[in-house]
Every structure is written in structure tokens, then in C-alpha cells.
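Features of the protein shown, as given by Swiss-Prot:
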ACT_SITE  Lys23  active site, charge relay system
ACT_SITE  Thr68  active site, charge relay system
ACT_SITE  His264  active site, charge relay system
BINDING   Thr68, Asp69, Phe170, Arg187, Val235, Gln236, Asn262  urate binding site
MOD_RES   Ala2  N-acetylalanine
MOD_RES   Lys10  N6-acetyllysine
MOD_RES   Lys23  N6-succinyllysine
MOD_RES   Ser39  phosphoserine
MOD_RES   Ser63  phosphoserine
MOD_RES   Lys118  N6-acetyllysine
MOD_RES   Lys221  N6-succinyllysine
MOD_RES   Lys221  N6-acetyllysine
MOD_RES   Lys228  N6-acetyllysine
MOD_RES   Lys228  N6-succinyllysine
MOD_RES   Lys278  N6-acetyllysine
MOD_RES   Tyr289  phosphotyrosine
Amino acid sequence: MAHYHNDYKKNDEVEFVRTGYGKDMVKVLHIQRDGKYHSIKEVATSVQLTLSSKKDYVYGDNSDIIPTDTIKNTVHVLAKFKGIKSIETFAMNICEHFLSSFNHVIRAQVYVEEVPWKRFEKNGVKHVHAFIHNPTGTHFCEVEQMRSGPPVIHSGIKDLKVLKTTQSGFEGFIKDQFTTLPEVKDRCFATKVYCKWRYHQGRDVDFEATWDTVRDIVLEKFAGPYDKGEYSPSVQKTLYDIQVHSLSRVPEMEDMEISLPNIHYFNIDMSKMGLINKEEVLLPLDNPYGRITGTAKRKLASKL
């Protein structure tokens, strides 16, 4: 029989805003074998549950708690029986399981991050079972579902590091007594893209294809045409262009959040060595760095 501390008393002057508990970074490699042709999904999954009762917090009564070890095991078993077609579908399966299996679970939130494996390919021929780690952006998702509602689905890209050596500048900004930054018409532009978007509720979505489309848009608007590039007057303008094109080309998308750090590369002064360095040798600086953020959504249609 479970024992808890009866001498604990509820404080009527304090109330919870939100509670949750779960298991983080549950790692799984799922292999789908179709004859000799194998497909893989490696993921790290974090699950948070909110219960209808707060007695575990207030009184130390654990009788409603689903152990976090059970949550870990559930992720493993669902991967076996449901597979992982997409990380978004897998996250929805986990939410649905806990909400349907336990009446006292009122909220499930699942974060899944996919390891970027890519199938070996040469001269258009794909290998049947060999993969290479290819970190050109990490695919992640967040799914939250309340007992009384549909799942709210976000997908995203992170750790997509890009750089261009020209077609970027920064001019016309405010200058005061503390400004030392010179205006520049031509500079390196490097960033590590983080973007997250929310889907319309209740729509059937090809999550994998949509993610590929958004990543292509990010690369396209950052780099521009392959033969000449595209000028960026600011990180803000590039961020906005990505959002506008994504919302235009992906009808399933409701809104989009982007964060772009401005990773600096500065020309190294070689004048003391009698050398002129014309932006050929640059010094990468990890910090400090600027960071530009923005969230854009579709405007509601006018009823007039």
C-alpha cells in the first residue's frame, strides 16, 4: 500500500498555473524492412503529461502517477507497433495513447527530433540499407493535445547553418554617440536557421514533403539564383521573405516563427605585417552575435 505524508496541508494562498511531468530524450532507431530494402528513422522523444489531480504535488500522494519509466517503455512499444512514418504522426500516436488509456490524463505534449540520416546514393542509384549522417537541418516537431480537443501540431527546422560570401549589406541604421559600426554594402552573411510553423487543425498533411518544401524555401530565399545570388539589405528582410514565400506555397501552414542569429566574420587586419587583406582571410566570432526574430501569420479574411 502506498504511503504519503498526511501532515502536508494545502496552502489556500497558492495555486498551480500549470503542471507536467514525463520522460525526456527517449531515443529510438526504427528499421522498416521491405525485403532487402531497409528504411530508418532515428528519433529522440520527450513526453510531458498533465493530470487532473495535483495530489502528488500537494500531498505527496503518487497513486495517480504513471511512472516516467512506463512512459519510456510506451514510446518504445508504440514505435514497434505503429512504426514511425513521420515524426509528427508518431507524436500524435503518443498523445492519443495516453489520453485514451488514462482518464485522468488531461493533456499530453510530445516533442520529437529526428536524426538526419540520408540514404547512400551514387549516380542515381540508392543503396538498399546504408545511410550517412547528413546534418543539413534537423527536423523536429511539437504536438500538444488536450483531452477535449484536437492535436495542435508544430513542425520545425533547426541547426541549418548557411553562409554566403557576398550579396549582403547593412546600411541606413540609427547612429548615436555609442555607434561604432560602419555601414557596409558588401559582407559575409552567415546564420543558423531556427524556424517553426503551425499547421491548420484537422487537415491531412504530408509532413515529410512539407518539411522538405520549407527547407527548400529557406535555402532559396537565403541564397537566391545559383548564377548571381540575391541581395539581402538586412537579416530582417531575408527572414520576412522566407515567411511570405512559405505561407504562400504551403497552404497547410497557419503561422511561422523564425530566429536568425547573425554570425559574424570579420576581416583580419594584417597591416602591421605589411599586408593588405581584402576580405580574403576572415575571423569567425561565435559571440556576441545579433539575433533577429519574427512570427508571421495569415491575415483573417475580411467579412465586409
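Cβ atoms are placed via backbone N, Cα and C, with glycine included.
DSSP gives Phe170 (urate binding site) a strand state.
Closest to Lys118 (N6-acetyllysine) by Cα-Cα distance, out of the recorded positions Ser39, Ser63, Phe170, is Ser39.
Considering only the recorded positions Lys23, Ser63, Lys228, Lys278, Val235 (urate binding site) has Lys228 as its nearest partner by CA-CA distance.
Lys228 (N6-acetyllysine) has Arg187 as its nearest neighbour among the recorded positions Lys23, Asp69, Phe170, Arg187, Gln236, going by CA to CA distance. Cα distances from Thr68 (active site, charge relay system) to the recorded positions Lys23, Gln236, Asn262 are smallest for Lys23. Within 10 Å of the Cβ of Lys23 (active site, charge relay system) there are 19 other Cβ atoms, across all protein chains.
Considering only the recorded positions Lys118, Lys221, His264, the Cβ with the fewest other Cβ atoms within 10 Å is that of Lys118.
Farthest C-alpha pair in the urate-binding residues Thr68, Asp69, Phe170, Arg187, Val235, Gln236, Asn262: 52 Å apart. Look at Arg187 (urate binding site): DSSP puts it in coil. Here the recorded positions are Arg187, Lys228, Lys278, and the one with the most other Cβ atoms within 10 Å of its Cβ is Arg187.
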